[in-house]
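For reference, the structure discussed in these notes is given below.
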Amino acid sequence: MADSSLEAGHRWAIVTPDDRSGVLYIVAFLAFTYSSLTFLARCFIKWHVLGFDDAAMALAQVACLVQFSLLLVSLSAGLGKTFDLLSVDKYAAMAKAQFGTQIALYVSLGFSKIATILLIQRLFTRDMRTAWQICNVVTGCVAAWTVLASFLVSAGCSPESMAPKSPSETCPTIIARYQFVVATDAITDIILVIIPAYLCWQLHMSVIVKLQVLAVFSFRLPLIPLAGLFLKTWIRSLSTSNPGVDRTPAIIFHQCQLCVSLIAGTIPCLKSFIRSFDTGSGVKAGFGSSNEYGSNGPNSTSATKQQSYQLSTLKRSKISSSQTRSRVDEDDGNINENPLPFTSGRTNQPPLAWDRSNRAGYEWQELEPDRDSQGSRQELFIRKDTAWEVGSDTRRRSDTPGILVLPQ
């Protein structure tokens, strides 16, 4: 014991049977570092397509920063040490900081769940009403859970009763509250795994891609055993002879749960995963997609399936008038004549168009690529696009002028 006292002056934190604060320091810094690096990677990947899901994740990261700061304050005051080694002031400061840590932790967990469901909602267009309604309901439920969980782990309890020196000083009903919070926490994580699997399973995608969607969103499943381990070790620490030290495993599991939750909310945003979505129309979903018209999804109502299409001006060139005209996918919405068969979506090769460069004839010329394809602020959607062709035909006398009749 004397040797430990001598070496303590040369170490930032020590680990002894009566002091486990060194372990908590390591876990706290690692968890905050990993979650922060993941958040920065998310911002880098989605810099030009930021949305409400990224705002929710930013709030989750801010709450994580608050709980990390409070945890360091609690550790400096004596968290992880035997309560007998702490003065009255140190014990009160430690209990107060740890009390705030628990509230900020559940706020961060709640916002990470909201960011996940908002990301799922963002993958679908508004005309897919079933998907949007499901996501809206789940978002409201998760937001209510965040407020309720923060309230249940703190309301009616003093900071000292949340870090009791003996079982008799424990806040009444706090165990039942934590059991309810952990159980509902697990249920919400399961729902966040089931919803994307259910919605994407109705799309025209290969089974392999659907399983990939399920696998990526399944990264939230490890949160369930982590929450269960926290609850088990925390309840056990309330009835031991040395609760200050015995609570260390519970805090470790809680920090791991928060770190995994923040990372799991960002993994589906990886560009390689997002680009793997295929809507069945031959169009790969990717950043910069700007198709707006002709979108019909499996969740569309009958009213949305019968919709109008925005038509643009045809640029006429010296080609046979009987030639079929095809829509070229450009952000300016113009339609150029294209003698090639109709193709949908973006390809690796830029679209080609006839251009008269001299009097001798025509030659192929590459159209200007989509200037906003890399930096577009359009949201990324899973959509089902409808393709059509407009052909030149002799107008019959029975046809009403100005009416475009599309084939059924």
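Using the three backbone atoms N, Cα and C, a Cβ is placed for every residue, glycine included.
Just so you know, TrEMBL annotations are computer predictions that nobody has curated.
Among the ranges 156-178, 271-293, 386-408, the one that TrEMBL lists as region 'Disordered' is 386-408. Panel annotation: around the transmembrane segment (57-79), residues 21, 24-25, 28, 32, 35-36, 39, 42, 85-86, 90-91, 93-94, 97-98, 100-101, 104-105, 107-112, 114-115, 244, 251, 255, 258, 262, 265-266 of the same chain, lying at least six beyond its termini, place a Cβ under 8 Å from a Cβ of the stretch. Along the domain 'Rhodopsin' (40-275), the predicted structure has mean pLDDT 88.
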